[in-house]
Amino acid sequence: MTETYPFWLDKEMLKGVRRFNIDAYLVALEGWRRGLSLTFHEHNTPRTDLKLIGFDPIGKLFSLSSEYKSHFFYRTRGDKISNEAVDIGTDKELAKKYLKKAGVPIPEGFSFTSETPVEEVTESLFENQGPFVLKPTFGSLGKGVTTNIQTEEFFKESLEYIKATFDYTDFIAEQHIEGEDIRVYVVGDEIAAATKRTSANVTGDGTSSIEELISFKNESRKSNPHTVTRLIKIDDRMKNYLKKQNLQLSDVPDKDEIVYLKGESNISAGGDSVDVTDTIRSEVREVAIEAVKAIPGLNHAGVDMIVNEKDAVVIEINSTGSTALHTFPLYGESQNVAEKIIDYYFPETKDIDKSNVLYFDYPSILSQLRSNSIKRIEVTDAPVGEIYAKRYIISGKVQKVGYRIWSENNAIREGLHGYARNLKNGDVVVVVAGLDKYRVDNFKHLCYEGPRRAKVKNVREYVWTNRIKIGFEIK
Amino acid sequence: MENFDENWLPHLNNRPPGISAYRTDIYAMASEGWRRGLTLKFIKAPGYNISPALKYSLSDGEKEHIFSVARGDAVTPDAIRICEEKPLTYYYLKKNNVPIPEGESFNDTVDNHEIVEYGKKLRFPLVVKPTDGKSGEGVITNIKTVEELENAVKHVREELNYNNLIIERFIVGVDYRVYVIDGYVAGAYKRITANVIGDGKSSISELIKIKNIKRKNNPFIKNRSIKINQDLKDFLKSNNYSLTSIPDEGERVYVRAHGTYFKERDPVDVTDDMSDHLKQIAVDAVDAIPGLPHCNVDMLINEEEGTGYINEINSRPQISNHLFPMEGKARDIPKAIIDYYFPETVDNEKRNKYYFDLPFIYETLWSGNAKEVTVPDVNRGKIISKRFLLKGVDRTRLFDRNVRKHAILLKLNGYIKTLESGNTSIVVSGTPKRVRQFRDILNNQLKKRFKIQSITEKFSSKNLRVGFHIIQSKTDKTGEVENLKTELKKYKTQMNKINKEKKKLEDELESIKNSRSQKITKPLRKFRSKFKK
C-alpha cells in the first residue's frame, strides 16, 4: 500500500466527499486554486446543455471562469467534449465502429438483443476460438460484464444472470483477450495517467481464511477515498467463482498465494488499482491517444484497454472517466489528472503559483444543492500566490467571552482565512492565513486585545503550513 | 411564531426563523421580487469583507437590477453622493425652493469663533451637527444661548473629532419619514416618544410590560424594549405620575422626555393623515435631486401649523418601520419598489407559500465560503401541495435520500419527517403534474422497494421552505414518552400512598379532638391561644 493522499490533498479536504463527487471536486478544486471563479449549478440549469449521466447528477455540475472565458464541467467532463461524443461513448457498439474505422485495435465480436434467440447467439459466437466476453451495450461501471467465458453453458448462465439482475436489453459478445486491464486517461495528445485494475483478490498469510483476508483487505480499502465505497462484497457469485477453483471462504491460502475472488477486473467489484503511468509501453500510449482521436469531439477521456505482451486493444471509452481512480490508486504513485484537464481548458493558468493547502467547503455546498435550497453558488475566489499562515494560542480569560466570534469578525475585516477553536485547557486557538504576511503577523497584536470581556495573558505563535479552508470557521 | 399584527402584510408573517431587525428589510424586499417569479441572487461585494447590508439582484432573465437594502440601481452614484453630503443635498433643495431649515455648513478652515458669530445672526434656538454624522450621532438640538452654542461647537469638533459641521435653526416639529417613489408618497410614518396607553385598570409599570410584549412581537424593533430606569421614574414624577399611577382608558402617557431614548420610540403610520401640501414638499425634494427615483425623505413637521421642512434625504433607508408600524396600517414599500423596477410583474401571481433560508445565505457569505448564492426560482403557474402519510416504513438514510432525489428531480418543495404517531409524513408542493408524478413514484417504485404498508394523501396548506428537506427527529421520542409514562405511574402510586396516610392521620386527629379529655380542656386552650396574641 502506498501513501493514500498526495501532497496536494489531505484527508480533511476529502471528508464527506465520496464517489463521483470526488471527480467533480478534484477538477473544481484544481481550477479554483488557480484563481478561476468557481460556481456550482443546479443540475437542470438552462445555462449549459452538457449531458448529465448517472444516477445522481446533483452537485457535480460546475463552471470555471477566468476574465476571458468560461467552461462548464460535469464531473471530469468539460464542454470541450461534445454531447455526440458522450453518446458514442455510452453506446459501446457505436464506439467500436468509430474505433475500427480509425484503425484502433479492438476485440472482434458482435452485438445482439434480448430478442435474439440464445441458441443463435451461442452458435455464431462459438464458431470462433474462445474465450469470450459478454457485456451490456449501454452498461457502465463494469456492471454485468463477464469475462473469460470458455463454455456455452457458462455463457448462457452469465447472460441469464445479467438479464435477471439488470434491465439491459442490448449486449455485446466479443473475443476475450488475455492481458492486463488498464485505464488510460488521455488529455489531448498526452497521457495523464494509466492505472492497472486487477480483479478482486486476496494474498494469503498462511494462517487466515479467505473470509478473514477479505475483511483485512477491506479495512485498508476503507482508508482510501476512492475504494472506501468499493469494498469487496461476499456474495453468491463470489462463492461460485471460488467453487470453480475448488475453494471456499473458510479455506486458508498459503503464505503469498494470490486468490482471485471475481472474474471481472473492476474496482467497483473490489478490484485493486495500481498506477502504471510511467511503465506502460509507448505503443500502448499511442493506441490510447488514437482511440480518443477516433471519436469526433471527444478530446479527453478514460480509455479502457487490455494490454498483453504483444497487443493493446481498446474495449471501452469513458467520456466522463474518473480522476479519483488515478489520484487514489491502492498501489503506486498518485497522478494529478485534474491538473492536466485544467491545463487543457485554461492553458494560460498552467504556470500560476497556486497553493496546495487551500480548499473550500464542498460538503456544505452539496447539502444545499441536494435539498434544492439554493440554485447556484459561487465559491469565494481563492487567493492566488503563496499562503502565509500563523497559529496563535491565546491564554487568559478567553473562553465564554465571545473570543471566537470576535476573532472571526476581525479576520474577516483583515481579509484573512482560517478558524478559531476552544481548547479544553481554557485557551483559544486562532489560525489565520492570507497572502499578506504583515496582516497575518499583525493579527497577533489584535489577539492580545481580544473582545472587551476577555483578559488576555499571553499569545503564543506557531507557523502553520497545513490545510486552510477558505473563509473563517468557528469550530 | 409571534403574534402577527393584523395591520401588517400577511405574506411577511411567513419568514424563515432568524429574520429580525435589519434583516427584515432585505427579506421583505428580496422576497417581494422572488415571490413574483424573479430570480434572486445574493452577492458579496468584491473582496473578502461584507457589510451587513449585502447586495442582491433580481432578474427576469432579460434584465437584472441590483439592490442594496431598499435602494435599487436606478438611483445613480451621483444621487447617492448628493444624499450623503448634507451641504450638497441642501444646495439642490435650496435651488429648487424646497423648504429646509435655515443654516450653513462649515469646514475645518473656519474657526469656532466665526461659527458662533454666524449662529448669533441666525437667531436661537439652533441645532449643531457634524456634516458627515451617521444616525443622529453628535446632533445637539435646542441650543438657546451663546454659551450653549460655544460648548456645542467645541464638543462636536474637539470631543467627537468632526471638523466639518452644520449649524441651522432648530425647528420644533415631529420627525416624519416619508417614502417617495416615482413621484408619489408610498408611505409615511413618524416616531413618537416612548409611551403607554391606559386601559383604566393597569398601572404604568404594568402598561410598560404590556408595551414591551407588543414590541417584542414586532420583527423590526423586537430587541428594543422600554427600560425602566431612574430617568424614566424622574420623568414620570415631573409630570405628576409614578410607576403605580393608573392612567384612564385611552389616555396616552409619555414615559420619556421628547427627543430622548430614540430606540424606545414607536413608529406610527401617518400616510393618510399627511396633507397633500406636505406630501408635495417630499415629492419636490426628491425631484430636486437628479437621478433619484425613490428614497426616503426625513421631514420635520409642525403638525399644528401644517408646515414642514426637509431634514435629510436617505437614498438607502430602512423600510421596516413602514412594514411593521406599532400603530396604523403597514405600507407595502417593497411592492412599490419592485413594481417600479419590474412593472410587467405587477399582476404576477405571488407565491406566498414558500420562503427561502436567508440566515443560511448570510452565514455562507459572511463566513467567506461563497461570494454569490442564487435562490431556487419559485414555480410559475398553478401549484398544489400534498401530504402523504406513510404507515409502517423504516426511515433509513437510503429511503430518505431516495424520496429527496425524486422530489428534487421533479422540482418539488417540501419535506419528510416522522410524526409523533411514528408514521412518516411527506409534504410536496409543485405543479399538479409533477406532484402526480411524485405520487406515482411513491405508490409504485418506493412502496414496493421499501415495503411501505399504506399511503394516504391529503392536500396541505403548510408554508414551506424552498427546497426539499430531510427532517430528522431530534431524539427517539417514543422512548422518552415511555420513560415519562412509567415515571408518572410511579408518582401516582406514591400519591395514593400519601393520600391514604393523610386520611389515616386526619381520622386519628378527629378521634383525638372528640376524645373526652380534649373536650374538657377546650376552654383552657382557647384562652391560652388568645393570650399568646
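A Cβ is built for glycine as well, from the same backbone N, Cα and C atoms used for every other residue.
What you are looking at is a predicted structure, and each value in this text was computed from that prediction instead of being measured.
Copied over from TrEMBL, here are the features:
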- A:Arg404: active site (ACT_SITE)
- A:Asn422: active site (ACT_SITE)
- A:96-346: domain 'ATP-grasp' (DOMAIN)
- A:389-475: domain 'Acylphosphatase-like' (DOMAIN)
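Assigned with DSSP, the residues of the domain 'Acylphosphatase-like' (A:389-475) fall into helix, strand and coil as follows: 25 helix, 36 strand, 26 coil. Listed in sequence order, A:Ala420, A:Arg421, A:Asn422, A:Val428, A:Val430, A:Ile474 are the same-chain residues six or more apart from A:Arg404 (active site) with CB atoms under 8 A from its CB.
Other Cβ atoms within 10 Å of the Cβ of A:Asn422 (active site), summed over all protein chains shown, number 16. Regional average pLDDT for the domain 'ATP-grasp' (A:96-346) in the model is 91.
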